[in-house]
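Can you read through this structure? Questions will come right after.
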């Protein structure tokens, strides 16, 4: 039920472990902090981490006549969340499904969740390019999709996978809103100095090569990592850190694109 959603944004990554779900959740929280009504759909069936990141693992989804009712992060209902993680008894439970069953579940997530009026729906996708991604693209053909944000890290292997992701988006007709480079340097929790651990500037160079916007560079910040599992917005808890600055600028960019 996407007819009540104004803007749909996909968050993609070429490989796992680049912080895609963290970017998705903090982006959703930042939009909600800016008084937007937001939905966050986690379709990473084999590795659903959104319920954990938002501190919602003990919550259940319910069904009504109109479909599944998403989980809300607060009484204000500014952020609604749906994930297969809510349907599993334990976080360690494995989803061992073949392609057709995964496809059916993703279609159900996209068509049968009873979202309220939403300004933004953020879709956190699995890493790579697979059946799940093709299903999402097919289901979104009939609705307006703002585009995709691609998350990468500075390592050459991650950048190589992002090149494939860029090609996938172009072939499937999904606009690329830009590239976010995550884990670029380590911020010392004592002096706040940022030290490069991997190579630097890869995300920016790749954005130039692919002729898409570079949306920001996020460092490894232990203070931000401590927010995992709390459901707290980085922009509210750590307003002066680099990650918050990048997230606020990202939201400004997205809201400008959506106008």
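Here the Cβ of each residue, glycine as well, is placed from N, Cα and C on the backbone.
Pulled the feature table from Swiss-Prot, pasting it below:
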type	residues	note
BINDING	14, 15, 16, 17, 18, 19, 20, 21	ATP binding site
BINDING	188, 191	[4Fe-4S] cluster binding site
Among the binding-site residues listed here (18, 188, 191), identify the one with the smallest other-Cβ count within 10 Å.
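Selected from the binding-site residues 18, 188, 191 on minimum Cβ neighbours within 10 Å: 191.
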For residue 16 (ATP binding site) and residue 191 ([4Fe-4S] cluster binding site), what Cα-Cα distance in Å is obtained after rounding to a whole number?
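It is 30 Å, counting Cα to Cα.
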Just to be sure I understand the packing, how many Cβ atoms besides its own are within 10 Å of the Cβ of residue 15 (ATP binding site)?
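The Cβ of residue 15 (ATP binding site) has 20 Cβ neighbours within 10 Å.
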Indicate whether residue 188 ([4Fe-4S] cluster binding site) is helix, strand or coil by DSSP.
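DSSP assigns residue 188 ([4Fe-4S] cluster binding site) to coil.
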Under DSSP, is residue 17 (ATP binding site) part of a helix or a strand, or is it coil?
coil
When the number of other CB atoms within 10 A of each residue's CB is tallied over all shown chains, which of the binding-site residues 14, 16, 17, 19 has the maximum?
14
Tell me the Cα distance separating residue 191 ([4Fe-4S] cluster binding site) from residue 14 (ATP binding site), rounded to the nearest angstrom.
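About 33 Å separates the two Cα atoms.
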